[in-house]
Amino acid sequence: MGKLAVAAITSLWVIPMSIIVNHIVPEPYMDEIFHVPQAQQYCNGNFRSWDPMITTPPGLYYLSLAHVASLFPGMLLMENTSQSFSEACSTSVLRSTNAVSAVLCGVLVYEIIRFLGPNLSDRKATFMALVMSLYPLHWFFTFLYYTDVASLTAVLAMYLTCLKRRYVLSALFGTLAVFIRQTNVVWMLFVACSGILDFTLDSSKQKGKQEVNQELHQSSNKKGATLRSNLRKRKSDISSDTSDPFNHGQTVPSTEDTSDLVYDIYTVISTSWNLKWRILIKFSPFIFVVVAFGIFILWNGGIVLGAKEAHVVSLHFAQIMYFSLVSALFTAPLHFSVNQLRHQFHQLHRNWSLSLILTLVALVAGFVSVHFFSLAHPYLLADNRHYPFYLWRKIINAHWLMKYILVPVYVYSWFSILTLLAKTRRQTWILVYFLATCGVLVPTPLIEFRYYTIPFYLFMLHSCVRSSSFATWLLIGTIFVSINVFTMAMFLFRPFKWSHEDGVQRFIW
């Protein structure tokens with residue numbers, strides 16, 4: 001019932017907003033001026049045609065072909081004309097590819113929430129999925145022909161099927177995700193690693209449980225009451241942990257105990273070595289895709305397809321700082337509540353010496369990142385249609401001290417994200433998540449909030465299964481809706497013109 005409710009309610013805002021956007025902005029805008037004509041070339045059967053300004057693979061265009069093909073018979077009946085297939089690939093129809101993807105994405109979010117939090121009520125899981133469907137960056141680009149919505153949908157489908165241990169299907173969704181946006185290969189590696197963590201830690205616990213059972217059996221003939229009691233206690237501890245290798249919905253040791261991380265890494269490495277052939281077989285579909293992608297990079301001479309001079313891989317470590325703050329601000333009730341501030345202080349107080357060292361290291365890393373690895377891409381400085389343009393000019397670059405003043409806020413935001421994840425995730429999983437986020441964001445020279453969507457969703461999916469009252473989620477949803485109303489109103493009803501270029505310009509993320 002929850003899936004149907006999510007799909008139906010999501011459609012209630014997707015359909016009317018799509019109609020409004022297509023009515024007011026019928027022509028391709030911004031990046032659509034590249035994507036729409038390219039998709040229309042595919043609709044015409046010109047699969048060898050390629051716009052050299054497009055940086056991403058053609059996965060979205062093939063999805064659109066399938067989407068238009070599914071609509072085409074109905075369009076012929078409704079219009080009662082001999083409209084050709086290529087004529088059916090209008091801007092509005094191509095945009096509807098993302099509208100359908102957004103509905104599917106909401107259902108996937110619901111399914112993942114239910115899997116990670118089986119004790120959650122259907123009502124609360126439905127509400128959480130609906131709130132996450134309103135995430136401003138995801139919601140806004142639902143109504144335009146960009147790759148973001150389809151990319152997120154494919155990644156979530158890959159993750160859900162991996163959680164369910166359907167690895168071949170997961171790798172197929174991963175292939176689609178990479179074919180839509182090539183940086184998704186990093187998220188494919190993340191999903192594969194999370195699957196390996198699941199598999200190896202579960203295997204090691206099952207082995208430990210079998211050893212305890214054997215010891216219990218041997219001790220039964222020795223009348224060792226104390227030994228049997230201790231073994232039963234050990235068995236109980238292992239059994240309670242084996243039911244879920246990631247302790248979904250249960251608090252795991254906090255980040256102050258680094259021995260847990262070291263032990264888990266040792267367990268994963270040793271178990272992986274012992275099970276290396278089984279792991280290679282189970283996860284071989286992921287390996288094939290990653291190897292094929294590596295061959296593509298060698299053949300292509302880089303990761304992007306077109307406009308390579310404007311998308312040079314850079315060391316932009318400040319990008320992960322921006323991600324933490326943007327994510328924390330979007331979900332301020334989670335990060336800046338009295339309870340969360342108290343929890344953060346309690347975590348620091350429990351092991352103040354280690355916490356002090358970690359805080360100092362994080363602050364130093366933050367200062368180094370913003371001082372030496374803070375980039376201002378020419379696109380960022382020249383295009384006042386994007387909100388990051390104003391963020392950079394009015395806040396980050398308003399004064400030379402400002403970027404340093406923000407470092408403690410960045411660090412707090414990351415600590416808050418990690419402590420929320422630590423309530424439901426093992427530290428090895430958190431480490432892999434952090435590395436994947438860095439792998440996607442650090443090489444990217446351009447500040448684009450759209451790039452934060454996938455790591456944001458993964459954080460929210462794993463923090464929501466423990467936290468948060470209904471009121472907290474209602475407040476987050478209110479923030480999302482308020483931002484969406486503002487950004488869409490600015491996009492639709494506050495157009496402006498440039499003196500040096502014809503056409504109407506609009507504010508966009």
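The backbone N, Cα and C atoms fix where each Cβ goes, glycine too.
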N-linked glycosylation site per Swiss-Prot (candidates: Asn80, Asn351): Asn351
In Swiss-Prot, Ser284 and Ala422 sharing a membrane side: yes
DSSP helix/strand/coil residue counts for the topological domain 'Lumenal' (26-57): 12 helix, 0 strand, 20 coil
Contacting positions for the transmembrane segment (171-191) when only residues 6+ beyond its ends and CB under 8 Å are counted: 56-60, 62-63, 147, 150-151, 154-155, 157-159, 161-162, 285-286, 288-290, 293, 303-305, 432-433, 436, 439-440, 444, 451, 454
Three-state composition of the topological domain 'Cytoplasmic' (377-400), taking helix and strand from DSSP: 15 helix, 1 strand, 8 coil
Surrounding CB atoms that lie within 10 Å of the CB of Asn351 (N-linked glycosylation site), all protein chains: 16
Candidates 5-25, 286-306, 312-332; stretch with most C-beta pairs under 8 Å toward the transmembrane segment (429-449): 312-332
Chain residues in Cβ proximity to the transmembrane segment (356-376) (below 8 Å; excluding those fewer than six residues from its ends, i.e. six or more beyond): 255, 314-318, 320-321, 348, 392, 397, 403-404, 406-408, 410-411, 414-415, 445
